[in-house]
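According to Swiss-Prot:
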{"type": "ACT_SITE", "residues": "D316", "note": "active site, proton acceptor"}
{"type": "BINDING", "residues": "K24, S25, R29, S168, Q170, D316, K343", "note": "3-phosphoshikimate binding site"}
{"type": "BINDING", "residues": "K24, G94, R122, Q170, R347, R388", "note": "phosphoenolpyruvate binding site"}
Amino acid sequence: MEKFNIKKLTKPFNIEIDSIASDKSISHRCAMFSLFSNQTSYIKNYLTAEDTLNTLSIVEQLGAKIKRDGSYVEITPTSTLTEPSDVLDCGNSGTAMRLFCGLLASVEGSFILTGDKYLRNRPMKRVADPLRSIGALIDGRENGNKAPLFIRGVKELKPFTYHSPVDSAQVKSAMILAALRANGISRYKENELTRDHTERMLNGMGATLEYDNDGFINIHPLNGHLKPLNITVPTDPSSAFFFAVAAAITSKSRVLIKNVTLNPTRVEAYQVLKRMGVIVNFIEKENVYEPIGDIEVINNELNGVDVSENISWLIDELPALSIAMSLAKGKSKVSNAKELRVKESDRISSVVNNLKLCKVDFTEFEDGYEIVGGSLQKAVIDSHGDHRIAMSFAIAGLNCDMDIEDIQCIETSFPNFKEILDSLY
């Protein structure tokens, strides 16, 4: 098992970073949505991490021709998707598995979606059940709740009106993809807006998705093929956030992160840092599918904060935020975050158990935790095979020495994380 030793940073840093991993959510969607076109899509700066390369591989198994040169990808789909001769391996990616459920539900053929041991333990009923209710044939372990999942595509899905009990961009996206091949207009609603890359990208490609006065997304079935993509994938704000926290916890430090998506549903964690006292500036430069620009983060005194709203907008950043909270003045509290229990690990448990090793005072709740800020102490951290836990506590190592066990998981989303971390010294 690979281990990562991080030494305390003894000097401030002032850097610009333009090599942070490309956005994972957008990269997944670029690969998948290209299948709705009948022309070649051109994707620059595609994320070349394990999860997104697995998605490219699945797209290829479904019949598309792929040319790749580093992070530049061309995808030429076939007129109809091909039934694969082998299982479709999503690796560690819940996004890939759940979105492919929606995409494949109405594709003629049989498909088996599987993944690594962590993904095979994550709940899939939240997406499989609503898809089944509109005619999809999906089965799996534990009464259809766990992968491997077996999908037999049906020719025509029923249009639906669905108010989701779970605020999840993955569930929403799966239902939207299924609705594109339904035999009428479908309506989808969530209680709290989740990240909206799917809606933005599909509308940009020519699909019709409209919000009505009742808060439903009205999804019109496709009449033909969508336009191909010609896109440069921006920097991932969730990956960039580790270095925002690095600046926030390191005295007199500053970081400028270049070419990030500034989508409001993706920068909420930066707004929380702002509320904690950190200086955060957003500099928008362009808007193609997504607003894109730079984010500047400057160290300032950290104060405790309560986080209970817009949780779906910062669910991936909460482990890193917990490091800032541990070094802030006063108490911080996270609530309404039960979704953390079913991520790559039980992230509430993973965060608080590792904070305990760092001698941080905390209280754990079913839907979050409270942290008494002050200091961190050196510890040997168990990542639980979760890339965000591994990277969050690696950033904590800038404040005090830290050893992280099982760091191979970082490759799933941010292959050059260690290289950028080393550049701070």
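Using the three backbone atoms N, Cα and C, a Cβ is placed for every residue, glycine included.
Distribution of Swiss-Prot features across the structure.
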{"residue": "K24", "record": "3-phosphoshikimate binding site", "contacts (Cβ under 8 Å, 6+ apart)": "L47, A49, D51, T52, T95, D236, S238, S239, S413"}
{"residue": "S25", "record": "3-phosphoshikimate binding site", "contacts (Cβ under 8 Å, 6+ apart)": "T95, A169, R195, H197, D236"}
{"residue": "R29", "record": "3-phosphoshikimate binding site", "contacts (Cβ under 8 Å, 6+ apart)": "L99, S173, H197, T198, M201"}
{"residue": "G94", "record": "phosphoenolpyruvate binding site", "contacts (Cβ under 8 Å, 6+ apart)": "L119, R122, Q170, K343, E344"}
{"residue": "D316", "record": "active site, proton acceptor", "contacts (Cβ under 8 Å, 6+ apart)": "S238, K343, R388"}
{"residue": "R347", "record": "phosphoenolpyruvate binding site", "contacts (Cβ under 8 Å, 6+ apart)": "L318, P319, L340, R341, D386, R388, I389"}
Query raised in the report: In terms of DSSP three-state secondary structure, what is the assignment for K24 (3-phosphoshikimate binding site)?
Result: helix
**Report entry** Neighbouring C-beta atoms (10 Å sphere around the C-beta of R388 (phosphoenolpyruvate binding site))
**Finding:** 29
Report task. Mind computing the max CA-CA distance among K24, S25, R29, S168, Q170, D316, K343, which the record assigns to 3-phosphoshikimate binding, rounded to whole Å? Result -> 19
Query raised in the report: Where does G94 (phosphoenolpyruvate binding site) sit in DSSP terms: helix, strand, or coil?
Result: helix
Query raised in the report: What does DSSP say about K343 (3-phosphoshikimate binding site): helix, strand or coil?
Result: coil
Requested in this report: Let me know how many other Cβ atoms fall within 10 Å of the Cβ of K343 (3-phosphoshikimate binding site).
Outcome: 20
